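Reading through the C-alpha cells given below for one structure.
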C-alpha cells in the first residue's frame, strides 16, 4: 500500500514454461515457504490442499481491498455505471497517509466499475475511499466510511470468516484491529472469484480508463496491476497484493489450469512471489519456469 508514482505505460511482458513433475516430488506439501501464514484451496471442491498457520490472526495490508470490492459488488441495486465525483478529501487522505493511489483528480467523474479497477490494480486508497463514501450511509464522509467498514465486518461474518476484523476500508490501520487468517482470506477469495465483474478486474494486467474531467475534457487513467504473478505464472487469474510494515508482504492469488482453479493466500512473506510459485506448482503437480513481469517505472508498488 506504499505510495509511489502513478503508472502511465504498459508493463514488461513475461512468460512461463510448465513441466510435469512426479507425484513423489509433489507429496507432503510445498517446501521452503517463507510466509508466516499460508493456505491453498481447491476452489471447485472447496477443499483445503495445504496450510501453514492457517488460523493465526495477522494484519492483511491492502488485501483488505478485496473485501472493499466484495461489499460494493454485493450491494443491492448495484449500478456499475453510476458516476462518482472525485472529492478533494480523497486526494488529501492519500497524501496524509502516504498510501498507494489511483491518482484520481478532483472533480473527475468515474463509474463504480472504473473505481473498482482503480482499487484493485494500482491498489488505490483514493479509489477505496471513494467507494466507501459512496456505498456507506450517513450525512458526512466520516460517517459513511465508518458504516462501510461495518458492512465489511458483516460480510466477513456472513462468509464464515470468524477470525477476521476490519477497522479500515483500504488496509491502512492505526488501531491494530485489521486482521485475518489465511483460511478466512481463502473463503473471501473463493467468494470473490464467483463474481464475474470482479474476476475480470483482478485478472487484468493493466487497463486504460477514460473519464469526464472537471474541466469538461476527457481524462485518461492508465493503471498497472501490482500483482506480478499475472503475466508471469501460466494460468494466473488474480487476485490482490498487500504490503505494510507490520503485515509484511501479502498476496491473495489464484491460477487456473485444465479447468481447475486453485486459490492461495500468503501473509507476511519475505518472498511472496517465489512462495506463490512453489505453492501453485505443488498444487498443479508441475514445475514452472517463470520470468517475472516487471512493473514499469513510476507504477504503484504494493
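Glycine is treated like the rest: Cβ placed from N, Cα and C.
TrEMBL labels come from automatic prediction, so no person has curated them.
Lifted from TrEMBL, the feature list:
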SIGNAL    1-26  signal peptide
DOMAIN    30-270  domain 'Peptidase S11 D-alanyl-D-alanine carboxypeptidase A N-terminal'
ACT_SITE  62  active site, acyl-ester intermediate
ACT_SITE  65  active site, proton acceptor
ACT_SITE  123  active site
BINDING   240  substrate binding site
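Every protein chain considered, the tally of other Cβ atoms within 10 Å of the Cβ of the residue listed as 'active site, acyl-ester intermediate' stands at 31.
For the domain 'Peptidase S11 D-alanyl-D-alanine carboxypeptidase A N-terminal' (30-270), the mean pLDDT of the prediction comes to 98. Every protein chain considered, the tally of other Cβ atoms within 10 Å of the Cβ of the residue listed as 'active site' stands at 34. In the three-state DSSP scheme, residue 123 (active site) falls into the coil class. Residue 240 (substrate binding site): 32 other CB atoms within 10 A of its CB, across all protein chains.
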